[in-house]
Amino acid sequence: MRHLLSTADLSRDEAISILDVAGQMAATQRREIKKLPTLRGRTVVNLFYEDSTRTRISFEAAAKRLSADVINFSAKGSSVSKGESLKDTALTLKAMGADAVVVRHPISGAPHRLANAGWIDGTVVNAGDGTHEHPTQALLDAYTLRSRLEQDAPGADLKGRRVAIVGDVLHSRVARSNVRLLTTLGAEVVLVAPPTLLPVGIGDWPCSTSYDLDDVVGGGHGDLDAVMMLRVQRERMNAAFFPSAREYSRRYGLDARRMAKLPEHALVMHPGPMNRGLEITAEAADSPRSTIVEQVANGVAVRMAVLYLLLSGQSEGEGA
Amino acid sequence: MSPAREDPSSPNAPEDPPRVTAGEEPPQAVRAVLEPAEIARALSRIAHEVLEHNKGAENLVLLGIPTRGVTLAHRLAARLAAIEGAHVPVGTLDVTMHRDDLRRQAFRTIAATELPDGGVDDKVVVLVDDVLYSGRTIRAALDALSEFGRPRAVRLAVLVDRGHRELPIRADHVGKNLPTSARERVRVRLSEIDGGEDVVSIVGGVTK
């Protein structure tokens, strides 16, 4: 593994080894001294062309806990606003000797281009590209599921678990990455969304779909182990995908009534940031079943694992 | 496992040879140097030495370095219990994230670090490993240990010392000193992990 661009590139064993390493990283984060010398002298650049709170802070914390040097770059306030291209920015980073570039970009495929165009030598980690993929989010979701449902047993997968992903699938890179990763790990995925918010070609995805959230939470597709709510991405919506926010909320929002229909152990997940009152009510978001804050904490451990796996033994040209 | 870990002449993998698992190596000259009975005697002697040096089992903590160091630490603890009737806590100390050769090595799995409940503050910590070679693992272990507290003293017990130190580190308790060539590998097999009988053997090197 040289880059992490898509969860589709991960085999079951690779995915499990990332989760196992993340488990050990999480253990180090419960110690008094959290900083490890593992990536001393390596440089990690956070290249963010899109706004982000969680992901950028999480990658920064992960790199710093492993003693790497971190350079933060955001498109706002940089030469990008003067019209600098991705290539020229990449060449600048190469000249500075970046060992890893964590990139978020509004255009799908930008990290792939960065990894394969020969502009930089370092390893590329996709931190979200357009409506394509967000692999570390899917890994931290899988880690959260495994730690809650399988007690984070090393080597365990999610075989036989059933996860519903609800909401704006069309614009969601989180949904894409999760469908691929969770299926690789043996879980079943049900996508629930209005027909307008499901992408073309959904029939080829390795999952089932439904338009009816009440049916799915009630066990219409089998008992659920987790419900993952997606954010309605208004900034990417250039047309009317549903009549009104109120109608969306009534048909596809997670509230106390729907939560009560779920099995006892089922988790409520959300990648954040949430639109409280739209796709999820405060009652659901703040309930004890909600893993939303836990997901953020797990994000640091998972990203530490990813950086460790990609940056150790780099000269061999092969990792996990 | 990576090719680097398999390569006996690789300067980047000084501590690795004993950890190479069976079935992956080409046919090479294998020479057994320690039989099960000798390993048992060496461990018993180390147990007595540890107690003599410490004047009893008071405040002792055994920390094994994964993988085989942990097994050896448990065996030592059993002997200490048999000799002195004292319960000596055993823990494991993974040093992977403190190694200085991560950049050159292919991916290494990280094992769990589990310290006994009493911690290590003001204890006499005995680090236990199977083979002492370059000393780099022990350096990493000392760094890792400092994150958990400040032991009163740290001692080192190894089953085999094969020489070729690259750092000013020495063992306090040695099962057997084995003069080796850097081209050879020392292979330790313990029944709990590898099945079969305990054996320490030298693999490869110049055959006459």
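For all residues, glycine too, the Cβ spot is worked out from N, Cα and C.
For A:ARG54, A:THR55, A:ARG104, A:HIS134, A:GLN137, A:GLY272, A:PRO273, the entry in TrEMBL reads carbamoyl phosphate binding site. The L-aspartate binding site feature in TrEMBL is assigned to A:LYS82, A:ARG173, A:ARG231. The domain 'Aspartate/ornithine carbamoyltransferase carbamoyl-P binding' annotation in TrEMBL covers A:2-146. What TrEMBL records for A:159-310 is domain 'Aspartate/ornithine carbamoyltransferase Asp/Orn-binding'.
Take A:LYS82, A:ARG173, A:ARG231, the residues named in the record as contacts for L-aspartate: the widest Cα to Cα gap among them comes to 31 Å. Taking CA atoms as the reference points, A:ARG173 (L-aspartate binding site) and A:PRO273 (carbamoyl phosphate binding site) are 14 Å apart. In the three-state DSSP classification, A:ARG231 (L-aspartate binding site) falls within coil. With the fewest other C-beta atoms within 10 Å around its C-beta, A:ARG231 stands out among the binding-site residues A:ARG104, A:ARG231.
Each of the binding-site residues A:LYS82, A:HIS134, A:ARG173 was scored by the number of other CB atoms within 10 A of its CB, and the lowest score belongs to A:LYS82. It is 15 Å from the Cα atom of A:THR55 (carbamoyl phosphate binding site) to that of A:ARG231 (L-aspartate binding site). In the structure shown, the C-beta of A:GLY272 has more C-beta neighbours within 10 angstroms than that of any other entry among the binding-site residues A:GLY272, A:PRO273.
Taking the mean position of the Cβ atoms of A:ARG54, A:THR55, A:ARG104, A:HIS134, A:GLN137, A:GLY272, A:PRO273 as the carbamoyl phosphate site, the remaining residues of that chain whose Cβ falls within 8 Å of it are A:SER52, A:THR53, A:SER58, A:ALA127, A:GLY128, A:VAL174, A:PRO271. Residue counts for the domain 'Aspartate/ornithine carbamoyltransferase carbamoyl-P binding' (A:2-146) by DSSP state, with H, G and I taken as helix and E and B as strand, are 65 helix, 27 strand, 53 coil.
A:GLN137 (carbamoyl phosphate binding site): 26 other CB atoms within 10 A of its CB, across all protein chains.
Mapped onto three states, the DSSP output places A:ARG173 (L-aspartate binding site) in helix. Per the record's binding annotation for carbamoyl phosphate, residues A:ARG54, A:THR55, A:ARG104, A:HIS134, A:GLN137, A:GLY272, A:PRO273 show a top Cα-Cα distance of 16 Å.
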